[in-house]
Amino acid sequence: MPDQSDALYTRHLETLQARYDEALTAAGISRAVIAAGDLLLRHEDDQAYPFKPYPLAQQWLPFVPPPGTFVVVKVGEPPTLLFPAQKDFWHLTPQLPGGNWRMRWRIQEWQTDVIAGLRDLTDSVVAWLGPQTRGLDVLGDSVALNPAAVLNPLHYARAIKTDWEIHCLEQASRSAVAGHRAAAEAFHAGQPEALIHHAYLAASRQVAEEEPYHSIIGLNESAATLHYERRCFEAPSVHRTLLIDAGAQYLGYASDITRTTTSDDGLFAQLLQQVDELQQQLCRQAVAGTHYPDLHDETLRGIATILHDAGLCRHDVDTQLAQRIPQVFFPHGLGHLLGLQVHDVGGHWQNPAGDLAPPPRHAPALRLTRTLEAGMALTIEPGLYFIPMLLDRMVKDNADHGCDLDLIETLRPFGGIRIEDNLIIGDGASRNLTREAFAL
């Protein structure tokens, strides 16, 4: 852990300890065991899936925990780390990182039997948080498995990031931006999707299994598939569009950035500029006190304005909204919470008890329905796409759609546009980690 961030991490631990003390005490539980998880083997195979530690375990640690790691939290006491230190010549043995962080922990390294480190916890009820792994059975009847009374307030609080977490998100953004720059260069050099992805990974200094999510590298028409997963090794004859939605991780915290690049200098390029202007306007509006669904509605109005001004739809904005025309071109939500998970938990939660506010009927894919608070980390990602399935449905179901189908047909080969930034919400103004990183 870098020395300059030591104070940030110390305050982060204090915040976590206070959150856990409050949640455990309210639930009448004195201790929590947080399991990072074990390797999961593929069905009828000896090969494991890439390991992703349980987020609540990662949140405590200034390094990525290996399989078999446990964090034990007791009310009013420093946290305990149970770290796997098995001897092994088949695989690389986990090494416990050095640094000042150790002074704030009780550390036990286990080699053969993690149960020994858990056995003394059976004197009271224990909240087991995370996947069911080895060691759970030894706790017997004294364990409460993932109790909602403990998890709900912890997950709800994750929306508000500590300064340490913001530091991690900032580093993740910088890594991803380096990759996005390299991907744009590979696009202009005529590379296929697979090699654009390789360029992204090399520049962001990660391998594919370390990415926080399966990155989207879509050329031309493929940009119209929202979660396009294929990466072709054959380059198209013409490079019209690159839509890349890709992030990076720093100590478990994710960035999630999307950029659209085009070789066009006509209408599609104009649309791209207009979506970018809309996106920056929405970022400026995303401040503490803003109800996030209202921002989504502003996005729909903005997309309707773009469609009208570009001649893609003759109807005025209000008529388009009444007929849900913007949703044909922008069918997803404006964004989501960001953190230890790309789509971080708690987006629909309205309080620590876990009461939900579902998305509005006209925006069923909206992942965030909370009122924004200072310290929240989230994405702003408007888009404008030419999706054959949705366009065909519009023509079939709405004879008065008002859209210029011939003009739209000329834009289908470009696929679509999405621009996504990562924000830290503030009072009056918010930090745009993505634009900051691109400005370096």
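For all residues, glycine too, the Cβ spot is worked out from N, Cα and C.
Keep in mind the model is a prediction, meaning the values are calculated, not measured.
Listed features, source TrEMBL:
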BINDING   Asp245, Asp256, Glu420  Mn(2+) 2 binding site
BINDING   Asp256, His336, Glu381, Glu420  Mn(2+) 1 binding site
DOMAIN    8-156  domain 'Xaa-Pro dipeptidase N-terminal'
DOMAIN    168-425  domain 'Peptidase M24'
Cβ neighbour count within 10 Å of Glu420 (Mn(2+) 2 binding site): 21
CB-centroid shell, 8 A cutoff, Mn(2+) 2 site Asp245, Asp256, Glu420, site residues removed: Ile216, Ala246, Gly247, Ile257, Thr258, Thr379, Glu381, Arg418
Nearest of the binding-site residues (Asp245, Asp256, Glu420) to Glu381 (Mn(2+) 1 binding site) - Cα to Cα: Glu420
Per DSSP, three-state class assigned to Glu420 (Mn(2+) 2 binding site): strand
Secondary structure content of the domain 'Xaa-Pro dipeptidase N-terminal' (8-156), with strand meaning DSSP E or B: 51 helix, 29 strand, 69 coil
Spatial neighbours of His336 (Mn(2+) 1 binding site) that are distant in sequence (at least 6 apart) but have CB under 8 A: Val342, His343, Asp344, Gly347, Arg367, Leu368, Leu378, Thr379
Residues close to Mn(2+) 1 site centre defined by Asp256, His336, Glu381, Glu420, Cβ within 8 Å: Asp245, Ile257, Thr258, Gly335, Leu338, Leu378, Thr379, Ile380, Asp421, Asn422
For Asp245 (Mn(2+) 2 binding site), nearby residues of its own chain (Cβ under 8 Å, 6 or more apart in sequence): Ser215, Ile216, Asp256, Ile257, Thr258, Arg418, Glu420
Conformational class of Asp245 (Mn(2+) 2 binding site) under the three-state DSSP mapping: strand
